[in-house]
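Trainee: Take this structure, written in structure tokens, and hold onto it; I'll ask about it next.
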Amino acid sequence: MSTKGLKEEIDDVPSVDPVVSETVNSALEQLQLDDPEENATSNAFANKVSQDSQFANGPPSQMFPHPQMMGGMGFMPYSQMMQVPHNPCPFFPPPDFNDPTAPLSSSPLNAGGPPMLFKNDSLPFQMLSSGAAVATQGGQNLNPLINDNSMKVLPIASADPLWTHSNVPGSASVAIEETTATLQESLPSKGRESNNKASSFRRQTFHALSPTDLINAANNVTLSKDFQSDMQNFSKAKKPSVGANNTAKTRTQSISFDNTPSSTSFIPPTNSVSEKLSDFKIETSKEDLINKTAPAKKESPTTYGAAYPYGGPLLQPNPIMPGHPHNISSPIYGIRSPFPNSYEMGAQFQPFSPILNPTSHSLNANSPIPLTQSPIHLAPVLNPSSNSVAFSDMKNDGGKPTTDNDKAGPNVRMDLINPNLGPSMQPFHILPPQQNTPPPPWLYSTPPPFNAMVPPHLLAQNHMPLMNSANNKHHGRNNNSMSSHNDNDNIGNSNYNNKDTGRSNVGKMKNMKNSYHGYYNNNNNNNNNNNNNNNSNATNSNSAEKQRKIEESSRFADAVLDQYIGSIHSLCKDQHGCRFLQKQLDILGSKAADAIFEETKDYTVELMTDSFGNYLIQKLLEEVTTEQRIVLTKISSPHFVEISLNPHGTRALQKLIECIKTDEEAQIVVDSLRPYTVQLSKDLNGNHVIQKCLQRLKPENFQFIFDAISDSCIDIATHRHGCCVLQRCLDHGTTEQCDNLCDKLLALVDKLTLDPFGNYVVQYIITKEAEKNKYDYTHKIVHLLKPRAIELSIHKFGSNVIEKILKTAIVSEPMILEILNNGGETGIQSLLNDSYGNYVLQTALDISHKQNDYLYKRLSEIVAPLLVGPIRNTPHGKRIIGMLHLDS
């Protein structure tokens, strides 16, 4: 058929992008399909295609992996995925494309899009599907695209027919001869109906050609040679691709999972379409070029695109690959994977695609896929007059960029250097080069970033830094989205390695008030940093202090006392030195005591009030002789009051009083303490010295204490510490001393009963007499307090004395009778309703129930009628009801 007729047939095909159709027609006209030899060659190859097509029912297996892979085997390795810059509209035309009039949704091929490369390697999945599509029992494929008869699929060859001399395993790409033959077979004929035309259309897979090649070919291209001569010169052609500035290179192999070392992914082709077209002389008028294409612009960077294989472009953004803008209205699901070393935007191992990021100046040197030096530049179509970094970078010769971006490093965010680049043009981390070896197996063994059944998360690109920052916080990291500590890190991952070492989390809840659960919180937590630094400094200081103490303690490990003779005093106030001397006293006994006594006797008062020295004095007082102890007593006696009031000295002085064995020593102590007895009795530390004197001295020696207390009885008895001294006097004093003291106290019993501390003195008198079975002062106390029984019973401290009397069997009945006779029903009712009196009433009921039924009956008759109303619901009311057995 003629090329003109073929062009008319293509124009009749519905849903065909005009740009693509013109491009295909131009290519077919260049190939001179009218030639009989061409038809014979194409038909022969087409027959082979039709024979092999029965084994490939649907698209190749690499496009739709076996369902089991999505479940148990993890997600598709990211190096096998395609990175396609997208736009929120259905088919994602790039914003900078030259032809703004190109259709957006009607062209599944996205013919107006920028050139894109696709990695279509079938090797990783041939083991699972063997090149055939997954089918049901009836032979019908599960995938609707596979069932589409209009999608005529070429067979998957074990070796690429184009690269027979390169010894490179073939990929899923098909040679141009196969494509041409299949295209001619699939085109509608004159006799077919319109619906058959639509069903017979298929998308073709072409090798990477620049838009300039296709546009020039579409504008009345004239061939300088016939097709037969061109076919003979295909293998000999060495001229560059069409266009002075274009150098086409075709991908021949992708990453392989087997142990075969992978060769370069981009190598100069031996039988590429660019070489086939290199011998063609293009003569296109400038006017036609202006009329049929977009307005002429200056020369733009060389870019290369591949047709979308077997189903058009990706219909959704790829959320895993960086640089894909997402719809801003998409749900905010994109959080960092919790798995370590997982593939994601901020992980250690980054995804890779042959389509490099638009900001890359050339094939990235850090790509994990081994590449030879390639001049291919991948970038959006920019204004050549623009001063942006990306454009000026691509105009450098030899593929060696000299922009500031290269000086800063491959991971610097481009839009921070040059504002002409938008936020969607952000670079991403790339693994170091693999040095022409297959990627390590662990590269594909990490867990998927999301479960198999969870849909990919859509998130606007400009939200990624915020999300990464928030996710860092969700993992216990208080990091900022931007940090001056990592100037070369990618935005959103700037503080990924800056993990918190401290445990402070100050301001966590405060920050959450200003954001949605911390997802978009970029506030700086300076408090955390300060606290972490403080904690670190404190830890270092503590460690240094512990180390110093260990060294000091080890200093005396093997030491002997003779080494420190003459400098013992310097060891007494040191913790380890003091312990060393005490140990020497235990080992050497009197010998060590003599040496220590001679060097420390002049510093006795100083050591007795020292936090460490007082322990040495206490140990020394036990080891020295009586003469030496008397010397120490005489030396320290003028300072007994000062020593007694000191928290450390009081212990040393008490030890000295315990060690007294002679009257001389006792007299020295008595003479020193007598003037200060009342003062010491009321002191927190001094009262223990007075009590120790009552315990260790003879009655005649501590008589000075009874004399001082008798003169200041009310002052000492109503004091917090003095009342304790007075009780010790009742314990250690003689009968005469105690009776004299009790007479003094009995005259003050009314005041003492109502005093917070004095009431304990009155109770102690009753207790001591009960122990001695002598109740002289007890009866006297009851006799004095009975007329005020009801008044004292409702008093906070007086009620304690009344209860003590009721619990004393010898005087309990007289007190109960006093309550019944003098108080009567009114007095008992006041006790029942009082917070303190109810305890007195409960005690009276309990004691009378055990000892005197008559008194119990009388109390019951008075109390029972009063237990009505709210009183029954009170805790004490319920207890009284239980005691009277009124709850039944």
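Glycine is treated like the rest: Cβ placed from N, Cα and C.
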Trainee: Consult Swiss-Prot and report the residue, out of S256, S274, S543, annotated as phosphoserine.
Mentor: S256
Trainee: Which one of T182, T252, T650 shows up in Swiss-Prot with the note phosphothreonine?
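Mentor: Cross-referencing T182, T252, T650 with Swiss-Prot, phosphothreonine lands on T252.
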Trainee: According to Swiss-Prot, phosphothreonine sits on which of T212, T600, T808?
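Mentor: Per Swiss-Prot, the residue annotated as phosphothreonine is T212.
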Trainee: Between T205, T303, T662, which does Swiss-Prot record as phosphothreonine?
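Mentor: So the answer, going by Swiss-Prot, is T205.
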Trainee: Which sequence-distant residues neighbour the repeat 'Pumilio 5' (708-743)? Criterion: at least 6 residues beyond either end, Cβ under 8 Å.
Mentor: 674, 677-678, 681-684, 687, 690-691, 694-695, 699, 702, 751-752, 755-758, 760-761, 764-765, 768, 777
Trainee: Counting only residues 6 or more past its boundaries, what in the same chain has a CB within less than 8 Å of a CB in the repeat 'Pumilio 6' (744-783)?
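Mentor: Here the qualifying positions are 710, 713-714, 717-720, 722-723, 726-727, 730-731, 738, 792, 795, 797-798, 800-801, 804-805, 808, 810-811, 814-815.
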Trainee: By DSSP, what is the split of the repeat 'Pumilio 7' (784-821) into helix, strand and coil residues?
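Mentor: For that range the per-state counts are 33 helix, 0 strand, 5 coil.
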Trainee: Which whole number is the mean pLDDT over the repeat 'Pumilio 6' (744-783)?
Mentor: 96
